[in-house]
Each structure stands twice: as C-alpha cells, then as structure tokens.
C-alpha cells in the first residue's frame, strides 16, 4: 500500500512539473533590436499569407517578402521559397504570427530553410519607430562592431567602467530601457561605442527623466 502511494505521488509530481519544464525550455536573454539584426543571416519585412503544418514539430509561414534589409547569396535563394520555418511549440521558441499582418523578422539559414524563433528579431512593422527603420536600412549594420549589453540599472556604473569603450549599455527599468530600444543606435564614436544622439532619443530621455522626477516626488 505504501509503495502504491509513493508511486501515485511520483506520477502526480511528474504530471504537475511537465508543463513547467516545457514552458521553461525556451529562454531568451534580453536582446536589443540592433543586436538581433547583427546576429541574423537575413532581415526582411514580410506579410504573412498562410500557416502550413509541415510536421508534428514544425510549421512554416507562407509570406510575401516586401523588403530585404540584410541577406547574402545563399539566403537570397532560400528566401525565394517565400517560407519561414519555426517550431510548432512556443516552449521551443516557436514564433506565432498573425495571417494578414506585416512584420520585420530576422532569422538564420538552417539546412536550406529560413528559420525564425522568438529569440530573434520580430516586430510588427506598424509598431516600429522611424529611428528603428533607419537603423534597419543602414545604421544597425554600421554598428555591428559594437556590443550592446543589457545591464541592470543599478550596476550600470560598474559595467561601464569595465566595458573599455566597446559596449553600449541597455539599461533595465527604471533606466531608459524603452528609449534605447525604440530610438537607440549604438555606433563607434571618437570615445568608443556609444548611443548616437538624435532628436527622438533626446526627447524620449527627457520625458523619461521627467516621469522619474514625478515618481520621486510622489514617493516623498
């Protein structure tokens, strides 16, 4: 009887823990759009036309490619198939795209397939800022020699000192994380790698600082 109870408890634990393990299987470190661009074999603006179930483990999105920002000859040939492959499971970093929607996507060429994952570049085209579009056109590529490091806001001073001028710090909240994501481009300057100043970036930082000051006043 005792052995039966132990076996029952073991089975229950297995069933309860299984979903947790599946959900935790896909884990992506925070990554800036510029970093995702630089790490991609291809980056393109696509409109999703259909979803095709290719196997138990893979689906393919039939797409219309509106524009290619980054590629190379082998990737060009694969993209002509107008198919983007991904895992059928969210827990395995599969990408969920909406039919009829337009996205900018970055991915890799694997075994003759254009593959995308939820760890890569994936933004609804309508949600991209003008600065991000300019980055996609040419600025991100120019900044690929720099490293963008996601950094806890309270540790930014320590990390900056050890960066040797080769990194831009993407600061977590309450730092200007959104400003750097939407308007930030990291490029080589005279002083090393740094965020390139622009009017939208400066305005976002100013608004962010104002909101933080208001929050401090309320906390006091």
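Glycine too: its Cβ is placed from the backbone N, Cα and C atoms.
Note: TrEMBL annotation is automatic and uncurated.
Model, not experiment: these values are computed from the prediction.
In TrEMBL this protein carries:
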type: SIGNAL; residues: 1-25; note: signal peptide
type: DISULFID; residues: 26-93; note: disulfide bond
type: BINDING; residues: 26; note: Zn(2+) binding site
type: DOMAIN; residues: 26-144; note: domain 'NTR'
type: DISULFID; residues: 28-119; note: disulfide bond
type: DISULFID; residues: 38-144; note: disulfide bond
type: DISULFID; residues: 146-193; note: disulfide bond
type: DISULFID; residues: 168-186; note: disulfide bond
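The distance from the Cα of residue 26 (disulfide bond) to the Cα of residue 119 (disulfide bond) comes to 8 Å. The C-beta environment of residue 146 (disulfide bond), restricted to residues of the same chain at least 6 apart in sequence and closer than 8 Å, consists of 166, 167, 168, 186, 187, 188, 193. Rounded to the nearest whole angstrom, the C-alpha distance between residue 28 (disulfide bond) and residue 93 (disulfide bond) is 9. The disulfide-bonded residues in question are 26, 28, 38, 144, 193, and the one with the fewest Cβ neighbours inside 10 Å is 28.
Counting neighbouring Cβ atoms within 10 Å of each of the disulfide-bonded residues (93, 168), the lowest count belongs to 93.
A strand conformation is recorded for residue 186 (disulfide bond) in the three-state DSSP classification. Note: the Cα of residue 144 (disulfide bond) and the Cα of residue 93 (disulfide bond) are spaced 24 Å from each other. Other Cβ atoms within 10 Å of the Cβ of residue 119 (disulfide bond) number 15 in total over all chains.
Note on the domain 'NTR' (26-144): mean pLDDT across this stretch is 97. Each residue of the domain 'NTR' (26-144) gets a DSSP state, and the totals for helix, strand and coil are 32 helix, 45 strand, 42 coil. When the Cα atoms are compared, residue 38 (disulfide bond) and residue 93 (disulfide bond) turn out to be 19 Å apart.
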